[in-house]
Amino acid sequence: MGQVIGFFQSLPNIINEALNIALICVALIAILKGIVNIWKSGLIQLFIFLILAGRSCSHTFQIGRNHEFQSITLNFTQFLGYAPSSCSVNNTHHYFRGPGNVSWGIELTLTNNSVINASNSLKVFTNIHHNITNCVQNIDEQDHLMKWLIETMHLQIMKPGKRLPPILCEKDKGLLIEYNLTNIASREEKHSEYWSQLLYGLSKLLGSSKSLWFDYCQRADCMMQEHSSHLKCNYSECSGHTTFKYLILQNTTWENHCEFNHLNTIHLLMSSTGQSFITRRLQAFLTWTLSDATGNDLPGGYCLEQWAIVWAGIKCFGNTAVAKCNQNHDSEFCDMLRLFDYNRNAIKSLNDQSQSRLNLLTNTINSLISDNLLMKNKLAEIMNIPYCNYTKFWYINDTRTGRHTLPQCWLISNGSYLNETKFRTQWLSESNALYTEMLTEDYDKRQGSTPLSLVDLCFWSTLFYVTTLFAHLVGFPTHRHILDGPCPKPHRLTKKGICSCGHFGIPGKPVRWVKRSR
């Protein structure tokens, strides 16, 4: 230790000697070069890998030199808070929660036991649109959302215009409605048909009814019907399929019966639009606009505020990536951005009136959300293949320039998100597409800022240089020499070996062509 201190104390005197300075430089260069060699050899990386193997994993990983795999998770706790939501506990108990912080909810139960005495009930037929709200007793008259929810559920479950059984409403019990599912007909075939219709309506209402009533069948014998082009299948050895006799709706308090799912809210809202829209698709006049919270143009892109994402902060997405939402409508991320932007800007003039918000969103969600994407993901969920729940999205980010791809939905399988290795081909393709897009954009930018005449001049000058370089390497003969004679310059000999000035006056001497003197 004393030698080291003495070395640093005598450092000024040492530097005074030129030889010592040279030795110090050589030592520093050797040490730095040795460290670089050790790093390039991979020895340090091997030790780091052995120490951290199985103990540490990074949530982000590099793709090549500059591209990084990243993700974002949307937070829906404050989104669509003015709309009811639904969830399912099992195949018999389902719940609808009121909007915001309200305490009321509606319990939907499938059972084989009746809870209403028909002699003390008021019959309300399904064909009458508004009579279902007469079943709501002792409920705050100002709470129109419950009546809206009841009407939506009623129209979705009991399709108007068909021969369906009446419903029973219990008096003096707040909300208690009973659907008799066995009164449609005595024949089992028609009851099964009605049961399938009911399940279809419930699945559209609840959204997440993947395996609540349906499972799989080991055999399905199908054959064409006589005098018809229809195919009839007889399923056997089926598991998990059952029917119930009664459907009960009753009011309840919300006690976190099950986990909230924002997709169920979207399904619920879109189920009511189905009563007025025959087909649902994105309208041609709707385009994605890049704007900030005040509605002004936002050339830099679109930013999700702190309330819209899981982690605290603001996440911005570039104009180049977000603008792709105008090119096609096959991105779940674009649909979520439209919903967030609509929720933040379009309803400010409604003075936070939940019913007005709900009515407006119900009428416009048809143009905000792609029903084709919802249907595709619902079919994927039913078929037990990875599907999108519109919550977590991944994208490729270029750490050098900040450019990134349009976020893609992180698919779910068996209740959990897929591992990154399961869709490796997809994010590698996105990375290559980002490289291609950046190179193309850089090429177009350079082409736009460079005059075409300058490009032509550069091309022809380069061609001229290559040609002259070839001529320089080959060389051309410049004058004649007399064999075995000195250079006759500045005289210029003819093929006979003479010069007109008379200096070389004897003709007939042999001559040869030579190149210019170097």
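Cβ coordinates are placed from backbone N, Cα and C, and glycine is handled just like the others.
Residue density at Cys501 (Zn(2+) 1 binding site): 10 other Cβ atoms are found within 10 A of its Cβ, drawing on all protein chains shown. Positions annotated as Zn(2+) 1 binding site by Swiss-Prot, on the basis of sequence analysis: Cys57, His491, Cys499, Cys501.
Annotated Zn(2+) 2 binding site per Swiss-Prot: His479, His481, Cys487, in sequence order, evidence recorded as sequence analysis. Every protein chain considered, the tally of other Cβ atoms within 10 Å of the Cβ of His479 (Zn(2+) 2 binding site) stands at 17.
The number of other CB atoms found within 10 A of the CB of Cys258 (disulfide bond), across every protein chain shown, is 15. Summarising the annotation, Swiss-Prot assigns disulfide bond to Cys87-Cys258 (among others) and lists sequence analysis as the type of evidence.
Packing around Cys316 (disulfide bond) is summarised by its Cβ count: 14 other Cβ atoms lie within 10 angstroms of its Cβ, all protein chains included. Annotated disulfide bond per Swiss-Prot: Cys303-Cys316 (among others), in sequence order.
Annotated disulfide bond per Swiss-Prot: Cys325-Cys334 (among others), in sequence order.
Sequence annotations record features per position, and here Swiss-Prot assigns disulfide bond to Cys388-Cys409 (among others). Other Cβ atoms within 10 Å of the Cβ of Cys409 (disulfide bond), summed over all protein chains shown, number 21. Secondary structure at Cys409 (disulfide bond), as computed by DSSP, is strand.
According to DSSP, Asn90 (N-linked glycosylation site) sits in a coil region rather than a helix or strand. What Swiss-Prot lists as N-linked glycosylation site is Asn90 (among others), and the listing cites sequence analysis.
A sphere of 10 angstroms centred on the C-beta of Asn112 (N-linked glycosylation site) encloses 12 other C-beta atoms. The N-linked glycosylation site annotation in Swiss-Prot covers Asn112 (among others).
Residues annotated as N-linked glycosylation site in Swiss-Prot: Asn127 (among others).
Residue density at Asn180 (N-linked glycosylation site): 17 other Cβ atoms are found within 10 A of its Cβ, drawing on all protein chains shown. Residues or ranges marked as N-linked glycosylation site in Swiss-Prot (evidence: sequence analysis): Asn180 (among others).
Here Swiss-Prot flags Asn251 (among others) as N-linked glycosylation site, drawing on sequence analysis.
Under the DSSP three-state reduction, Asn389 (N-linked glycosylation site) is assigned to coil, being neither helix nor strand. For Asn389 (among others), the entry in Swiss-Prot reads N-linked glycosylation site.
What Swiss-Prot lists as N-linked glycosylation site is Asn397 (among others), and the listing cites sequence analysis. Taking the Cβ of Asn397 (N-linked glycosylation site) as centre and 10 Å as the limit, one finds 20 other Cβ atoms among all the protein chains shown.
Contacts of Asn414 (N-linked glycosylation site) defined by a Cβ separation under 8 A and a same-chain sequence distance of 6+ are given as none. The annotation N-linked glycosylation site is assigned in Swiss-Prot to Asn414 (among others) on the grounds of sequence analysis.
All protein chains included, Asn419 (N-linked glycosylation site) registers 9 other Cβ atoms within 10 Å of its own Cβ. The N-linked glycosylation site feature in Swiss-Prot is assigned to Asn419 (among others).
According to Swiss-Prot, the N-myristoyl glycine annotation covers Gly2, on the basis of sequence analysis.
Fewest other C-beta atoms within 10 angstroms, among the binding-site residues His481, His491, are seen around His491. The glycosylation sites Asn90, Asn251, Asn389 differ in how many other CB atoms lie within 10 Å of their CB, and the one with the most is Asn251. Excluding the listed site residues His479, His481, Cys487, the same chain places Arg480, Pro488, Lys489, Leu493, Val514 with Cβ atoms within 8 Å of the centre of the Zn(2+) 2 site Cβ atoms. Per-residue confidence over the topological domain 'Extracellular' (59-456) averages 67 (mean pLDDT, predicted model).
Ranked by Cα separation from Cys258 (disulfide bond), the recorded positions Asn90, Asn112, Asn397, Cys409, Cys487 are led by Asn90. The recorded positions under consideration are Cys87, Cys325, Cys334, Cys388, Cys499. Their Cβ neighbour counts within 10 Å are lowest for Cys499.
Residue pair Cys388 (disulfide bond) / Cys334 (disulfide bond) shows a Cα separation of 13 Å. Taking the Cβ of Cys487 (Zn(2+) 2 binding site) as centre and 10 Å as the limit, one finds 11 other Cβ atoms among all the protein chains shown.
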